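Asker: Pasting a structure here, questions to come.
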Amino acid sequence: MRVAAATAAAGAGPAMAVWTRATKAGLVELLLRERWVRVVAELSGESLSLTGDAAAAELEPALGPAAAAFNGLPNGGGAGDSLPGSPSRGLGPPSPPAPPRGPAGEAGASPPVRRVRVVKQEAGGLGISIKGGRENRMPILISKIFPGLAADQSRALRLGDAILSVNGTDLRQATHDQAVQALKRAGKEVLLEVKFIREVTPYIKKPSLVSDLPWEGAAPQSPSFSGSEDSGSPKHQNSTKDRKIIPLKMCFAARNLSMPDLENRLIELHSPDSRNTLILRCKDTATAHSWFVAIHTNIMALLPQVLAELNAMLGATSTAGGSKEVKHIAWLAEQAKLDGGRQQWRPVLMAVTEKDLLLYDCMPWTRDAWASPCHSYPLVATRLVHSGSGCRSPSLGSDLTFATRTGSRQGIEMHLFRVETHRDLSSWTRILVQGCHAAAELIKEVSLGCMLNGQEVRLTIHYENGFTISRENGGSSSILYRYPFERLKMSADDGIRNLYLDFGGPEGELTMDLHSCPKPIVFVLHTFLSAKVTRMGLLV
């Protein structure tokens with residue numbers, strides 16, 4: 001792995017670390033349409049390019065015995081056999097539809113022999129490509145149907161059809177060349193006798209990175225094909241590579257998130273819009289770790305650019321004094337509780353501004369999207385309650401997690417998050433702690449009405465001056481109690497509506513009815529105290 005120059009943008013803020021960008025290239029496997037296919041992966045500073053490898057076929061399991069046994073059988077064989085090697089779970093498009101059932105409708109019935117009449121066009125011939133032949137111990141199979149040509153217009157042929165005869169000439173024992181010549185000499189009107197073979201369809205329909213790998217914003221580079229009946233000849237191959245370029249900006253690289261990885265060989269790359277997931281498999285654990293670190297490093301190196309774009313977008317359209325600078329934004333995983341008590345990690349995008357902690361399910365590239373987070377929590381009422389290792393492994397060690405608690409009118413809201421690296425954990429820990437303290441200094445004070453000893457009063461907590469309890473008298477107010485923070489001996493709440501404060505004064509413990517859940521003000525008080533202690537150098 002080669003490392004490029006440092007790339008962190010100047011002025012990105014103290015929360016942003018200096019990152020270097022990695023370059024890397026090598027062979028990996030890609031889960032594409034429920035199959036593992038070999039691709040050449042090339043990592044640059046801003047993108048990951050995947051190129052279909054010509055040797056990918058070597059990774060594919062050999063066709064099952066059903067296809068070979070077809071030769072010589074009057075009606076074809078093995079329709080009910082299955083192919084080995086298919087993964088139990090895939091993220092690509094579904095497999096081709098099942099062939100028509102037999103007359104009785106049984107799922108295992110052998111597909112019928114069909115007779116199809118095709119009229120050749122002046123240019124393009126039948127418009128099919130074929131594979132197989134006696135020398136390959138395979139039937140003659142339709143491997144490609146070219147859009148708009150004769151076979152396609154007939155609407156009666158499909159990929160995976162075995163050609164049994166052409167104008168009455170039996171092709172069950174034909175070699176590939178014999179089949180090609182029979183199709184070429186067939187004249188303008190061609191009567192084909194065909195039968196669908198389900199087992200070979202996944203292998204005939206070779207996955208294409210361009211068409212089968214959905215990814216918003218990816219740049220495709222697609223091969224073009226000739227319209228000949230003989231797809232096996234080198235003269236019909238086009239040198240253009242089947243290639244997909246994945247922009248890394250605001251992608252989420254993860255391990256052991258959406259797919260089990262018992263061998264620690266998988267890497268997951270989630271798109272910024274959360275709609276697509278790319279799964280890569282490496283040859284061993286060490287290689288997977290190396291690739292993951294490189295991809296993750298480059299994604300993180302792009303964050304200063306993302307922050308600059310976000311702040312420019314928000315600042316350009318906000319009203320005077322209403323802008324909230326985005327301090328940090330990145331993907332991580334949040335623990336979600338499912339029915340039956342089960343738990344699951346799911347991707348979540350967390351952003352920290354001057355005053356708020358925001359959670360999104362996709363990257364908010366527009367101001368409207370930014371204004372609609374899934375959750376929004378004031379930093380001054382939020383605290384970090386855990387940061388460290390868990391019990392399971394996202395890559396080579398235990399889970400790295402941190403938890404937040406926020407005081408709200410509904411009580412305490414808790415979130416457990418998982419990060420992928422120790423550097424991420426340290427970064428988020430620092431950002432949240434410093435962000436909460438900075439929010440306390442920025443907000444300065446909170447004030448709310450409440451009941452004390454049966455009368456309406458106002459409780460004000462000021463970051464510098466401490467506590468003030470006052471009573472409104474017409475247009476003026478009178479101060480009942482004023483205490484600095486160091487006079488607070490005890491604070492508590494009942495979790496419902498009452499806040500208890502004891503300053504050691506002659507009035508004793510004050511019971512304040514807040515008319516709603518006291519947790520928000522309790523958490524603000526904790527943040528003020530924590531920020532002041534840290535500022536005094538008593539807590540690092």
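Placed from the backbone N, Cα and C atoms, the Cβ positions cover glycine too.
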Asker: Looking at phosphoserine as annotated by Swiss-Prot, pick the matching residue from SER49, SER274, SER395, SER477.
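Answerer: Swiss-Prot records phosphoserine at SER395.
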Asker: Have a look at SER211, SER427, SER478 and find the one that Swiss-Prot tags as phosphoserine.
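Answerer: When Swiss-Prot is consulted, phosphoserine appears for SER211.
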Asker: Given the candidates SER222, SER271, specify the residue that Swiss-Prot annotates with phosphoserine.
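Answerer: Checked Swiss-Prot: the phosphoserine annotation sits on SER222.
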Asker: Hey, which of SER86, SER393 does Swiss-Prot call phosphoserine?
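Answerer: Checked Swiss-Prot: the phosphoserine annotation sits on SER393.
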Asker: If I go by Swiss-Prot, the feature region 'Calmodulin-binding' sits on one of 12-34, 288-310, 518-540. Which?
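Answerer: In Swiss-Prot, the region 'Calmodulin-binding' feature sits at 518-540.
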Asker: Swiss-Prot annotates one residue of SER95, SER372 as phosphoserine; which residue is it?
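Answerer: Of the listed residues, Swiss-Prot records phosphoserine for SER95.
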Asker: Helix, strand, coil residue numbers for the domain 'PH 2' (325-437) per DSSP?
Answerer: 26 helix, 58 strand, 29 coil
Asker: Per DSSP, what is the residue tally for the domain 'SU' (484-540) in helix, strand and coil?
Answerer: 20 helix, 13 strand, 24 coil
